[in-house]
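Visitor: Take a look at the following structure, please.
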Amino acid sequence: METQSVKLGTPSKQATVSKVRVVVRVRPFLPQEITARNGNSKSCIFLLDHQDNDSSDEVSVHLKDPNTSRNESYRLDSFFDQEDGNVRRIFYREVNSLIPGIFHGFNATVFAYGATGSGKTYTMQGTEEHPGLMPLAMSTILSICQSTGCIAEISYYEVYMDRCYDLLEVKTREISILDDKDGQIHLRGLSRVPINTMSEFHQVFSCGIQRRKVAHTGLNDVSSRSHGVLVIAVSTPCDDGSRPVLMGKLNLIDLAGNEDNRRTCNEGIRLQESAKINQSLFALSNVIYALNNKLPRVPYRESKLTRILQDSLGGTSRALMVACLNPGEYQESLHTVSLAARSRHISNVVSSAQKLETPKEKVDMEAKLQAWLESRGKTKSAQRMGPFASRLVGKTPSSIRSMKKLDYNSSCKVKNSTKDDPSNTKDRGLSVTSRNLFNNEDVVDIEQIMLKPTMNLAEESSGKEETTTVENSVDTIGLSPSNERKTAMRSPLRKVLSPISSNIIPEAIKAQFSLSYEPKTPQNVGTPLDKFNAWSSNVKSSLVQEYIEFLNTASREELLGLKGIGSKMTEYIIELRETSPLKSVRKAFLC
C-alpha cells in the first residue's frame with residue numbers, strides 16, 4: 001500500500017469554492033443474476049466512444065434500456081466499470097486526495113448513493129480480502145498519524161427510522177443533532193474511540209457493524225435498514241503552542257438504498273423502514289434541487305439525513321458522491337445517475353475548522369448604534385431620546401434594571417434620615433434628579449409618579465412636617481406648572497399604570513383621568529406583603545369601578561369592541577342600564 005507524507009503547517013484561512021465531485025461505480029453481475037438472464041452479462045451502463053477515463057476531466061455516461069430503444073446520457077466526473085478491484089481504484093484516485101486536508105483542519109465527506117442491491121455497503125465496508133473505502137481511509141490516516149504524532153479517533157452511528165443511534169455503545173443510546181453559533185452540525189452524546197492500529201480499528205468497527213440494522217428483503221439477502229456513518233476525527237497539535245489544536249474530520253457514509261415495495265414485498269416493520277428510507281432520500285433530492293435552483297430556503301431540516309449532509313451539500317466540507325449502479329437495472333440506474341448529475345453542480349465554500357482569534361481592538365458601540373439608527377432612518381427618535389440615551393451609555397444591563405426598581409422600605413428610610421439630618425436633603429434631590437428620564441418640561445416625571453404612593457405612606461406616619469419636607473424635595477426637581485396640574489389630576493393608580501410618553505397628554509384624556517377613583521391608603525399595615533395585598537385590593541376595586549362606569553356610558557360600537565362581548569351581550573347590557581345604572585359586573589354578565 002502506498003504511504004503518503006503530509007507536511008503540517010499553518011492552514012490557509014482563505015476559503016475556496018469546491019464543487020461536489022460525482023463518480024460512478026458499476027458493480028459486477030452476481031452469479032445468480034447471470035443465470036436468471038440466461039448467460040447475458042451485457043450492462044445497460046457504458047461510456048461512449050471509449051473515452052479515456054484517466055485523462056479527461058469529465059466523462060459522458062450512457063444508459064440504454066435493453067427492452068426498449070430509450071437511452072439517456074449524463075456528464076459526470078469519473079466512471080469505474082465492472083472490473084474487479086474498482087473500489088481500490090476509486091480510493092486512490094478520488095478519496096486519497098481528500099486525506100491531507102484533514103490534518104490541516106478541513107472536513108471531507110464521502111457517501112455512497114444508489115438503489116438497494118447496487119453495492120453501496122460493499123463499496124464502503126468491503127470484505128477481508130477486498131477492503132472498502134472505510135478501512136482503506138483508516139489505514140492511510142493511521143500511517144500519517146504515526147509519522148506526524150497526530151491523534152485519530154472514530155465514531156460510528158446510524159440513522160434508523162429518522163433517529164440517530166450510537167453503534168459503538170453496548171447499550172442503545174439515541175444521540176441529538178445540534179447546530180452551533182457558526183451553523184456547524186454537532187452530535188451530542190456521540191462517543192469517540194481512539195485508534196492507534198488497524199487491529200484496534202477492525203475490532204471496534206466490527207462490533208459497530210454487528211449492531212447496525214439489517215434484514216432480508218425480496219431483492220437483497222442482507223439489506224441495510226439504516227444509513228451508516230463512520231466519522232474519523234484527526235487532532236493535529238501545534239509544535240510551538242502558538243496555535244490551537246486543529247480538528248479535521250472525514251465522514252464516510254453508507255446510505256440505505258431507495259426501495260420499490262412492489263418488488264421487495266415488504267410488510268410490517270420492513271415496510272415502515274422502507275418508507276422512512278425513501279422519505280429521507282426524497283428529502284435529499286429536495287435539498288439538491290433547492291441548491292441547484294438557488295432557492296432562498298434549502299430544506300435541510302426535512303430529515304436527519306439531510307441535516308447530517310448539510311455541511312457536505314452547500315456547506316464548508318469537500319464532498320465526493322459515489323453513485324453505485326446495478327448493471328442489469330435500467331430504471332433504478334437512471335434515477336441514481338440523474339440525481340448524481342444534479343449534485344455535481346453544488347458548490348461548497350471550503351474553509352479550515354480552525355477558530356479565528358477574537359479581535360483585540362475596542363469597538364465603539366455608541367458610534368455603531370448611531371450609525372445603525374441613521375441607516376434605518378431613526379435619527380429623529382434617537383434625538384428625542386437623547387438625554388435618556390446619554391445616561392444609559394456605559395451602564396451595564398444590571399445597573400439599568402436597578403434604576404427601575406422601587407423599594408418602599410429604602411424610600412422611607414431616606415425620608416426619615418432627611419428629617420434627622422437636613423444636610424441630606426440636597427443629596428436626595430440630586431439622586432432623584434439623576435433618575436429623571438426626560439428633561440422636557442411638558443413630560444410627566446416618572447420617578448415622582450412611582451414615588452408618590454410611598455410618600456403617602458410616609459406622610460401619614462410622620463405628620464405635616466414630613467409632608468413639607470417631601471414637597472420641598474419634589475420642588476428641587478423642577479416641576480413645571482403644567483406638570484403640577486397633570487399630577488394633581490391623576491390618581492395614584494393612574495400614575496402607576498400610565499405609560500412613559502414624550503407627547504403632551506390631550507385634554508380629553510385629562511378629563512377622563514379626573515373621573516378615576518382614588519384608592520384609599522391602607523391603614524395599620526405591617527409587613528411589605530400586607531402592604532402589597534392592601535394596595536392590590538384597592539387597585540382591583542378601582543379597576544372594577546372604572547369598568548362599570550364604562551359599561552354604563554359606552555355606546556353600542558364601544559361595547560362591541562370589548563373582548564368577549566358579542567351582539568347579544570351588548571343588547572342585554574343596554575336593556576339593563578335603561579332601567580337602572582349597572583352597579584356590579586356580575587349583574588351585567590348574568591344572562
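Using N, Cα and C of the backbone, Cβ positions are placed for all residues, glycine too.
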Visitor: Tell me which range among 50-83, 458-491 TrEMBL lists as region 'Disordered'.
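Guide: Of the candidate stretches, TrEMBL labels 458-491 as region 'Disordered'.
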Visitor: Among G114, G117, G119, the binding-site residues in question, whose Cβ has the most other Cβ atoms within 10 Å in this structure?
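Guide: In terms of Cβ crowding, the pick is G114.
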Visitor: With Cβ-Cβ distance below 8 Å and at least 6 positions apart along the chain, what are the contacts of S118 (ATP binding site)? List them in sequence order.
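Guide: S118 (ATP binding site) has long-range Cβ partners R27, G257, C324, L325, N326, E329, E332, S333, T336.
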Visitor: For the recorded ATP site formed by G114, A115, T116, G117, S118, G119, K120, T121, name the remaining residues of the chain with Cβ within 8 Å of the site's Cβ center, in chain order.
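Guide: In sequence order, the nearby non-listed residues are R27, A112, N220, G257, C324, N326.
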Visitor: For T121 (ATP binding site), which residues of its chain lie six or more apart in sequence with Cβ-Cβ distance below 8 Å?
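Guide: Looking at Cβ-Cβ distances below 8 Å from T121 (ATP binding site), excluding near sequence neighbours, one finds A112, V222, S224, G228, D254.
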